[in-house]
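Feature annotations, reproduced from TrEMBL:
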- 202-229: coiled coil (COILED)
- 560-595: compositional bias 'Basic and acidic residues' (COMPBIAS)
- 596-612: compositional bias 'Polar residues' (COMPBIAS)
- 613-622: compositional bias 'Basic and acidic residues' (COMPBIAS)
- 554-647: region 'Disordered' (REGION)
- 6-21: transmembrane segment (TRANSMEM)
- 33-54: transmembrane segment (TRANSMEM)
- 92-111: transmembrane segment (TRANSMEM)
- 131-151: transmembrane segment (TRANSMEM)
- 157-179: transmembrane segment (TRANSMEM)
- 356-374: transmembrane segment (TRANSMEM)
- 403-424: transmembrane segment (TRANSMEM)
- 501-520: transmembrane segment (TRANSMEM)
Amino acid sequence: MSGAALGLEIVFVFFLALFLLHRYGDFKKQHRLVIVATLLAWYLCFLIVFILPLDVSTVRNMQDIQLNCIKCVCKQKCFKPWSYIPDGIMPIFWRVVYWTSQFLTWILLPFMQSYARSGGFSITGKIKTALIENAIYYGTYLLIFGAFLYMNQLQTIGIAAANTWGLFLLVLLLGYGLVEIPRSHWNGAKRGYLLMKTYFKAAKLMTEKADAEENLEDIMEEVRKVSESIKYNHPLRKCVDTILKKCPTEYQERMGRNMDDYEDFDERQNSYPSEKSLAKLHKQVIYSVQRHRRTQVQWQILLEQAFYLEDVAKNESSATRQFVHTFHSQEPENKIIQYFYTPTVEWYWECLLRPWFCRVLAVVLATFSVIVVWSECTFFSTKPVLSLFAVFIQLAEKTYNYIYIEMACFLTIFFLSICVYSTVFRIRVFNYYYLASHHQTDAYSLLFSGMLFCRLTPPLCLNFLGLTHMDATISHKNTQPTAYTSIMGSMRVLSFIADGFYIYYPMLVVILCIATYFSLGTRCLNLLGFQQFMGDSEMTSDLIDEGKELIRREKRKRQRQEEGENRRREWKERYGNRDESTRSRAVHTDQKESSFSETNANRPLSKYTRSNGRTERDRIELLQDAEPLDFNADSVNDDPLESDSGRLQKRKLSVTGSVAGIQLGIRSWNY
């Protein structure tokens, strides 16, 4: 079983990263290089988090073998767990993972960000734009590289600088996540709180949605003017066609109808835009179209959430204990889920069990947060050992329980990574950086998230090793270091940084947790004019009322649509058989008329046959093809019975007219 756990985790982490990227990115529309680079960055960072506990367990197992088996103290303790990784694999693995992630975060991903945002019309133009934008960025790197090369400490100082910058950002994100994650689950048990916050989001999103639509209209107007000025034989017409392909379909059709491509361009009459201005317009089109699409999708998702929360509030007082939805799901549900997740089960889960589950989970997460904060403030103390995570690991080492060591290490680093990574997914820097689910994240934000993950993961792992006293420079023990520490360095790469910054800066997490608990950042943003959800704010109350009215309006609109569809369905079910019988009678009448006309055709007085026989047959065919009138909910007459009686009267008049015509023909023939 050597290396089996490593192989399983490598495969599992790959599909985990692929699943998350599929949720936030769009594989069909975004460039493949963007998808591959982001997937590689996420995959390497998640892989470090999952593989590090195996590295710790392997090192502790090797250390116990050296102490016990060589001295023959206890041969029963000299066994290798199933997750044991053979010698020589982990150093190579960590070396490849670490330097690949550093290459991605400092060189490749910044270049691809500029490449993705460029409005160039060719690969060469995009590369040129990306190089110009990153000239200062890469020039600074070359200057630092030359200075470190002169000092002969390039690798040491480079690793220390990367870890210091990552630790600075790590503590900021960790202080927010340690408080916000337990609080969000605790508030998840409050239905009224969630509904009010959803109304607040609806009001803000409607404003953003209207702004995105207005911005798109302005950009499309500029595209229309450019498309009308640059004709089919202009050298820049290919650039205009590229811009038009990025526009929504309805705008493309509208612009296509207004084009007069038969006119030749004249450089002396009109002033045409340059290729640089077209590239800028191309960049604006990509941004505005993506933003408009994202707001539309988010609005529909928010409506579904609001409708569902309102249904939960209504069903809490249900006597039948069966969950009733106001609207049916627009997406087809899985039959297996429908079989097990019945309305009764859904009622018990949503109205009874889920609030308690959220509360219990919030208490557990809050306990972990307290342990992390305590350990961050006391991890440098070795005598006595005050870090609770270090105490747990040392207790497991005494019993040689390697599975417990792996589980304790995994839960610790997993909770730390959840607090940090969830903050990366939650934060939003205007429209510059925003990870939107349901395939609505742009390429720039995906690449930026990959950069953040690659910069945060190495210091996160080093901080974890310090909390558990797995770093020999922290525990002050002559123990075998992990393969991760031997390759990526430790917390004490440079003494003047390790003795001050690495010890006292993590204590700042206490101040950040207190600030997050009292929502100081939210209050500051609210004072600056950025509306935030605050229960004691008048602006928040106004936005909640506005969002409630918007949701109510959309709900009435959805109800009218469903009522119209139900009435049309009932109309077809009620009068479908009657229409079929009417058609059969019309066909039978046509057969009789045809046989009657054939009999008259064999008589000698056929020249006196009425001339309007063809017209009469046309009338019968019209009667045969008569269809029921479609019910329209928006029409003046909404009573289906009145519509039915009017339709039957028209049929009677038609049949009466047909019979009268036949009788007139017979009389003329007899005459």
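Cβ atoms are placed via backbone N, Cα and C, with glycine included.
What you see is a predicted model, and the numbers here were worked out from it, not measured in a lab.
Spatially, the transmembrane segment (356-374) is not adjacent to the transmembrane segment (33-54); fewer than three Cβ-Cβ distances between them are under 8 Å for residues at least 6 apart in sequence. Across all of the coiled coil (202-229), the predicted model scores a mean pLDDT of 93. Here the transmembrane segment (6-21) has Cβ contacts under 8 Å with residues 35, 38-39, 42-43, 46-47, 50-51, 54, 83, 85, 89, 93, 446 of the same chain, all six or more residues outside its ends. Here the transmembrane segment (33-54) has long-range neighbours at 5-6, 9-10, 12-14, 16-18, 20-21, 25, 27, 83, 85, 93, 97, 100-101, 104-105, 108-109, 112, 116, 405-407, 409-410, 413-414, 417, 443, 446-447, 449-451, 453-454, 456-458, 460-461, 464, 482, 484, meaning same-chain residues at least 6 beyond its ends whose C-beta is under 8 angstroms from one of its own. Each of 92-111, 403-424, 501-520 was scored by its Cβ pairs under 8 Å to the transmembrane segment (157-179), and the highest score goes to 501-520.
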